[in-house]
Structure formats: structure tokens, C-alpha cells
Amino acid sequence: MATEKTMEKIVSLAKSRGFIFPGSEIYGGLANTWDYGPLGVELKNNVKKAWWKKFIQQSPYNVGLDAAILMNPKTWEASGHIGGFSDPLMDCKKCRSRFRADKLIEDYMHSQNEETVVDGWSNQQMKTYIEEKEIVCPECGAKDFTDIRQFNLMFKTFQGVTEDSSTEIFLRPETAQGIFVNFKNVLRTSRKKVPFGIGQIGKSFRNEITPGNFTFRTREFEQMELEFFCKPGEDLEWFNYWKEFCKNWLLNLNLTEENLRIRDHAEEELSHYSKATTDFEYRFPFGWGELWGVADRTDFDLKQHSEHSGEDFTYQDPITNEKYVPYCIEPSVGVDRVALAFLVDAYDEEVIDEKDTRVVLRLHPALAPFKAAVLPLTKKLKDQALELYETLSENYMVDYDEAGSIGKRYRRHDEIGTPFCITFDYDSLEDQCVTIRHRDSMEQERIQISELTTYLNEKLKF
């Protein structure tokens, strides 16, 4: 019988096993900052590798990019971030606590089992709703709020030795704009033709007012974004193609389909640049949370940058000579969020019998921090086991573990998601075979050492 999966259990495992630590912990921490430990950095890197493999490496359409975090501020004027990238804030007049108005409303709706979309509401609509429903301050219970005002989410800093408006720059709030400003550079040097895509993985920063839920919403985060450029009129076809592609990527990495829902935005929810948007939402223990967004951004971004920079982003079809500004389809996913979803989804407490329950992370082998662990049956077999470890570690991330009983070592690796434990015993000296123990089934089989690499290559495929 399965036990309840809670965020407390996930966070406890992540901290105790070296997946994720609180940031700056020895100085009391810094709110909503997290450091990825030895296992966490492997999980996160494996998520990024899996995305890059399917979206870039194996796609005949797409190429990669790594654009700078710091950009000319005119970039953010053109994209609309300086003027319109903000959250609606209000303060409780009694206790001076600060809240996002839309989040207050969403939390209230959740408590009432209502399904209403707040995106796109004006400040006045939100204020009226809060007053009519008599929504109270979550901190003190008062019903006396300030008017709603907009708060820009970009982190501002200065470049150079002086601090004035002429040296003001921003940490990027998204990776997409670095792709748009490099559109012509990539098109020219990669010799691609429309349709084609540019993908990148990188850090972004947003001064969120209500970050939380572990690594789900943080001020510093990593994105995996693809900007796919196509001919106007073919955009909805490509929009549906990338929606299906994203869904298959998640399911092929063993995310449970019943924990995933796909929600198309209503017209009133759409961003000013979007013709169509779909959110992939995952059912976390704290509720449904947005995992991935796929948007039809039309030609908005290229036209904005053309207008503000004077650069012509018109594309000429080499066969028909037709000229147009390409439309753009954007699948955008947060690395931290999707890694958390995989971690939550994989967590299982399996009841073996009345006295025995094992914790196991049923991660897809491609995502597992360690692909295998080499375990000598006794320390007397250490030299031979280490030799095997060194051979395997040339191709895979492998652990070597000789501490404790073999049963305890198995359970330890179940808990961190290692799909295969390889035991080197005394028989191995004679028959040159090892015992492979499978994480999910706990079944064991004997395999020739000479066949191990071929065996693991097949099992670790993605």
C-alpha cells in the first residue's frame, strides 16, 4: 500500500542525500536560494542533456546558442520588459505585509474549489473581486489593503565604476531575447533555412515577490528555451507539433501522464505578443504548477527588435523569393521546475512487508545521478572491484561503495535512484561474471564482465 507523498519528504530526501542544500546555509541562508549538491547537479545536468539531445542534437531543424546574461538595455525596451514586466502588488495596511493581488485571488479560489483564470485581469478587476469576496490578509486577517500597483520584476545593476542611469543594466529575466537579437547571425552562419530553431540553456533572474515551494519558484533559475521560426500561416501547425514533442519528451522520461495536464490559454489570458499559448502543468504535492509553456509569439519579437535597432529581419525564401518576417513558436521550460517534477514523480515508498518499507527513486536511467554502483562483496575484493569501476567510469557516472552490508548498500542506492547495482563477489574471480541487481524490481542476474558496457548502453538508452 502506497504512503502519502509530501513535499516534506521530498525536501528531506533532497537535503539528506545531497541533491539540494539551502543557499548560504552557514550564514543563516538567503530566502529561496538553493545549491545543487553532488547528486542534484548530476540530476540537473542529465535533464539538460536529455533536452539538448532531443531538441538540438537529434533535430535536423535546430541549432544551439549561448547568449550573454547582460545585454544592452535597449534590448529590454524593445521587448517590453522595462515598461510591462511587472507583478500587481498590494499591502495590508494593518500588518504591512505585501502580497501579489493575483496570488491572493488564486489562493482564495483554490480554497473555494473555484476554477477561474486571473491572468489578464486589470488592477481594478482584481481590487473589486477582493473587496466583493471580502478576502482577508493571510497574515493578520484584516480586510484593509492598499491600492494595487505594478512592481517591475527585473534585477537592476550598474556596469562600470559609476552608478547612474547611463550605466544601468539588467540581469536578463528570460533567455529568449538573446536568441532574437542573434537571429540573423545564426541564420547566416548556420546556413539554415526557415523553418529552423535556435535553442539555449541558461540562467535567468526575476525579482519575484512570492517565491516558494522549494525549487519550484526562485529568483534565480535556469531555462531551456527553443525559438522556432516558421513561415506565417504555418505557425499553428508547428505550434501543435512542438506541443506534442514536449509532451512526448516528458512521458518518454517516465513522467506519469495522470500527473500531467495540458491547458490552452483562453483568449483573454493571452500575452500581448501571443496568438496561442498552452501550459503543461504538473500535479505537485502542493497542487498543480506550471511546468512548460508553448507559445505562438507570431512576428512580435523580430518586428520589435527591427523597429528599435533598425536591423531588417525580413527573410527571403531562396526558392520562391517570397519575403516575410518569420513567426516564432516558443517551447520554454524551467530546468529547476522540471527536475523537481521528475524528483517528485520518481519518489516512492514501497512496502515490502509489515516491518519493511524501502524508499526508492524510480528515475529514468537517463536522469539518474549514478547509472550504476560497483559494490565489492567484501573489502578483500576491493582491488578487482575498483578496476571494474575505473573501466565503467570512462563511459558513465558510476559510484563505488564498499561501506556496510550489501543489503544496506542496495537500499542506499535505491534511495538516490541508481538503476543498477553491480556486485563483485568471489565467484567473479573464477567466472568473470558479476551480479546486477535492478533497482525497481530488486531482481538479480549474472552477466559477463566483458558484456557489461553493451548491457548498460542498451538499458540507459533515451
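Each residue's number is its place along the chain shown, starting with 1.
Quick reminder: no glycine exception, Cβ is built from N, Cα and C everywhere.
Since the structure is predicted, the reported quantities are computational estimates derived from the model, not experimental observations.
As recorded in Swiss-Prot, the features of this protein are as follows:
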BINDING   Arg100, Glu174, Phe221, Glu222, Gln223, Met224, Glu225, Glu330, Pro331, Ser332, Val333, Gly334  substrate binding site
BINDING   206-208, 216-221, 290-291, 334-337  ATP binding site
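For the binding-site residues Arg217, Arg337, counting C-beta atoms within 10 A of each C-beta gives the highest total at Arg337. For the binding-site residues Arg206, Glu208, Arg217, Leu291, Val335, a Cα-Cα cutoff of 10 angstroms around Gln223 (substrate binding site) retains Val335. Listed in sequence order, the binding-site residues near Val333 (substrate binding site) (C-alpha within 10 Å of its C-alpha) are Leu291, out of Arg206, Arg219, Leu291.
Close to Phe221 (substrate binding site) in the fold, though at least 6 residues off in sequence, lie Lys203, Ser204, Phe205, Arg206, Gly334, Val335, Asp336, Arg337, each with a CB less than 8 Å from its CB.
Ranking the binding-site residues Arg100, Glu225, Pro331 by the distance of their Cα atoms from the Cα of Arg217 (ATP binding site) places Arg100 first. For the binding-site residues Leu291, Val333, Val335, the largest tally of other C-beta atoms within 10 A is found at Val333.
Note on proximity: among Glu208, Arg219, Leu291, the binding-site residues of the record, the Cα nearest Arg100 (substrate binding site) is that of Glu208. Highest local Cβ density among the binding-site residues Arg100, Arg206, Gln223, Glu225 belongs to Glu225, counted as other Cβ atoms within 10 Å over all protein chains shown.
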